[in-house]
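These notes concern the structure reproduced below.
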Amino acid sequence: MIKDSEFYRLDGVPITKEEIRAISVEKLNICPEDIILDIGCGSGGMTVEISKRCKFVYAVDGSKDAIDTTLKNMDKFNVKNCEVYFGDAKDLISNFKVNKAFIGGTQNIESVIEKLNEKNVRNIVINTIVLENSVKVIQILERLNFSIEVISVLISYGKRISSGHMMLSKNPITIITAKK
């Protein structure tokens, strides 16, 4: 995994943290022939990591700043097997032929998941921060007859203080893996 500090960053554009990327990439079970859709690409952390393991990546985001940041990180890490698209994922999914998808964030999550299902995407990994979004995603996936695995991950980093080391936690992330 590439260290978070190595990525180009822009205030207001999120990046999936290194440890969460590691778990999410593993849950995608990427094969060299896979073509993967990264929805809500943000800073391009997952886009870059995924691209090193698969045939091709399509990255989508509704933020121009996110698109620009992803493109800068693709350039920095010499990613050539990826195309980046600005817009609403629900309107763009029909343009892509993919077999796996990662969702790091998006509007219209129900429509997005339904469209992925219609395109026979059989492995979807979805990261959520908001508890209600996790519940909503699980309900949608169950309705569509996906097999679901749900894990909650809390990453803490050690910080040296005068009396020893203190653990500082980041936001807990729910990682939902859906398969058919």
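Glycine is treated like the rest: Cβ placed from N, Cα and C.
As recorded in Swiss-Prot, the features of this protein are as follows:
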- Thr16, Gly40, Cys41, Gly42, Ser43, Gly44, Asp61, Ala89: S-adenosyl-L-methionine binding site (BINDING)
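The structure, with features from Swiss-Prot marked on it.
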| residue | record | Cβ contacts under 8 Å, 6 or more apart |
| --- | --- | --- |
| Thr16 | S-adenosyl-L-methionine binding site | Ser24, Gly42, Gly45, Met46, Gly104, Asn127 |
| Gly40 | S-adenosyl-L-methionine binding site | Val60, Asp61, Gly62, Ala66, Ala89, Ile103, Gly104, Gly105, Thr106 |
| Cys41 | S-adenosyl-L-methionine binding site | Thr47, Ala59, Val60, Asp61, Ala66, Ile67, Thr70, Val84, Gly104 |
| Ser43 | S-adenosyl-L-methionine binding site | Phe7, Tyr8, Arg9, Leu10, Val13, Pro14, Ile15, Ala66, Thr69, Thr70, Asn73 |
| Gly44 | S-adenosyl-L-methionine binding site | Phe7, Ile15, Ala59, Thr69, Thr70, Leu71, Lys72, Asn73, Met74 |
Relative to the Cβ position of Gly42 (S-adenosyl-L-methionine binding site), how many further Cβ atoms are located within 10 Å? 24
In whole Å, could you give the widest CA to CA gap in the S-adenosyl-L-methionine site formed by Thr16, Gly40, Cys41, Gly42, Ser43, Gly44, Asp61, Ala89? 18
Across all the protein chains here, work out how many other Cβ atoms are within 10 Å of the Cβ of Asp61 (S-adenosyl-L-methionine binding site). 29
